Amino acid sequence: MSDINTESGESTSLPNSTDPPLSDVNIDVEDDDTAESISSLQPIVSNTTNPPEEPINPVLGQYHQACQKGDLATVKQLLDSGVLDLNTDLTGDITGLHWASINNRLSVVKYLISQGIDVNAKAGDLEATPLHWAARYGYVHIVDCLLNKGADPTMCDMQGFNLLHLAVNSSNVMLVAYVLFFVVAKGIIDIDCQDPKGRTPLLWAAYQGDSLSVMLLLKFGASTKIVDEGGFTPLHWATVKGQPYVLTHLIRDGADFFLKTNDGKDCFTIAQEMNTSHSFKDALSICGFNQDGYPKRKLFKKSDHAKVITFFVPLVALSIIFILFTHLHPLFALLISLIFGLAVNKALKELILPSYSNYGLHSTSLLKSPFLSGTFFGSLLLLTIVWIFKIAPFTIFKSRLLTNFFMFLILMQIYYLFIKLIFSDPGCVPIETDHENVRGTIKELLDTGKFDIKNFCLETWIRKPLRSHFSTLNTHNVARFDHFCPWIYNDIGLKNHKNFMWFILLTEVGIWFFISLTMKYFDILEDTNEDVACFLLGDDELCAGFVYDRFTFLIALWALIQSVWVGFLIVVQVFQTFTGVTNKEFNKYVKEKKNQHAFDPIFFNDTFNTTPEELRNDDDDTAASRTGNNPNHSNGTTIPSEGSRINTRKPRTCFNLCFAITGLDQVRTIVRETLGIGGANEMSRMQLLSSIPTNYGWKRNLADFWLTSDVMAPIWRRLFYSPVESRALLNGVEVDYFKLYDFPEKTYPEPTGPESV
């Protein structure tokens, strides 16, 4: 059964289609605010253990039980034999169609409708139709079938709830999406329809903390201004719940947080009383307001101007820090640099970042800004200046002409790739805006039993291609998404992944060319100056560089440090291209492997899939088992609130943050999961690699990644050029990654000898 709780962190949950059928219940809800709030989420409540006053007909009992269990053969036998008449199918006004609908028995529903049963029959004290019963539990396929067979979506139960109200109360966002596109978009139901208490679907979604439904309702133009009989707007009820994403959606849409209820309470007062002030103030900050609800002061009218400043700040900061270490004692330079760094960080957060246009659900951070890409650019520019004005003049005629020439070529290529990657299209899948096309997509997914958020994108209204991921930076699904790279301030995907590989390879090679030339330069300094000795560096060329050109020494040291994490990044990327997997996919497979045998008393159906058993296939069951969404469990269909997620997530330390930025966390995962260092056994490692559906063998994987699908082009062009459109190789076959819904099958040759990876 479903439940609702106003405490932050709780979420509604719905039974899976494989739950035991509901029977021996009585629909009886008291007419008060609490009962009304709960009744739509608990449509069928056993309030009494008293048996019916008159004995149940054994034939009707057998028939209803068959409808509940989905026993189509028994239903057909009873109706075909004539022992049961659909017109007398009553047990307390509850028909077999009601029982089949609320238990997600699609085949029984279709058969009963084909036999002429009344699809709008009312049942129970609430006088609810089968459509209402199915909607309360979020069963999209049943709702679709009933609507196609004449069920009236405008009918209300005794509580005044219509199809849209009940869809929202089910907390199944896929049903909400279906009703919005197939009913609301056609003008059959008003998006702002109110129940007898004046509560709109948006108000109910806000009260439940259902951020996905709130997002969809707002996309369809739901009003944030309408108040219920108590003077509460959706934002007031969202403040009661305290779900930060819901608050952010509503405030960004223009909800008035100063508006007072009939009791004279605004959102600030409600947040304080309900202990949700932290979530409310965070939402205000994300939407550009201070803690008092007034717009933050912005230094820049355009977000792009603030981003340009953020990009160039690291260049200035690095220059100052290197100058400090060049002319001051290292301890004093370190102290001043720390103070200076904290001041820069504070200035950026307080003065620059508020000018960003934030369309996401989280506050803008330096990690999600051009700051790190500016750090790379500043480092590269300082290295270039040192090479041009200090190193090249001394080494170009000292048997290092060819090395300097290659250094020039590498630097030019790095600059070119860096700029190209920043402005590149990672492979954004076009957004769908035509409602008719969206309805066609939904119908297709319903027919295949794949109408869930794993296959349908709620943000862009498209069928999600395999290997794609929605990017908040680009606000599109990115085909063959790998990861977001803060060093180029862009996503890495199908269209720019190969350029990214060339970029990091050339960066690593360029650093070592620079180190080689720097050592030659220091050797010249040692020969042309007095001999000196250093405490840790000895008396060779390193000491000469430190004493006679400390700025160049520091730049070389900084470059050497960067080469370490770039090298690890190359290892990760090469490993993943060998195994035919992206960064995001590998992390997902590792997580699934860890959770495969974990027991959790609460299983969340985070894909919102309510496909009836009749439409499921073996692949669906296998996938559900791998992801923890086993249909044999009573899964909820509401994603836990952000508050509950944060409470169960380990806090990220500074050490872990540095690991994530430099990619060392990926190296650690690869070493542990594939080399067996850290606990993974041989069988576990082989299971992980074999579970990757895009791993077709290392030779095939490399060819798929490095060669374009244009087989008529020269081999050099296929190697160095990235995919221009959405087509690329997968298992040697050209596929359209914008419409990739099935993987090419793996072929397993007959073993004739020792198998190779």
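Please read every residue number as a count from 1 along the shown chain.
Placed from the backbone N, Cα and C atoms, the Cβ positions cover glycine too.
Both P430 and L688 are recorded in Swiss-Prot on the same side of the membrane. Across the residues of the topological domain 'Cytoplasmic' (424-498), the predicted structure has a mean pLDDT of 96.
Relative to the transmembrane segment (403-423), the listed stretch 376-396 leads the set 308-328, 332-352, 376-396 in CB pairs under 8 A. Mapped onto three states, the DSSP output places C485 (active site, S-palmitoyl cysteine intermediate) in strand.
The helix, strand and coil residue counts that DSSP assigns across the repeat 'ANK 2' (92-121) are 16 helix, 1 strand, 13 coil.
For C485 (active site, S-palmitoyl cysteine intermediate), the count of additional Cβ atoms within 10 Å of its Cβ stands at 21 [all protein chains shown]. Remote same-chain residues near the topological domain 'Cytoplasmic' (353-375) are listed as 211, 244-245, 248-249, 252, 282, 285-288, 296-303, 305-308, 310-315, 318, 345, 422, 472-473, 475, 486-489, 661 (criterion: CB distance under 8 Å, separation of at least six residues from the stretch ends).
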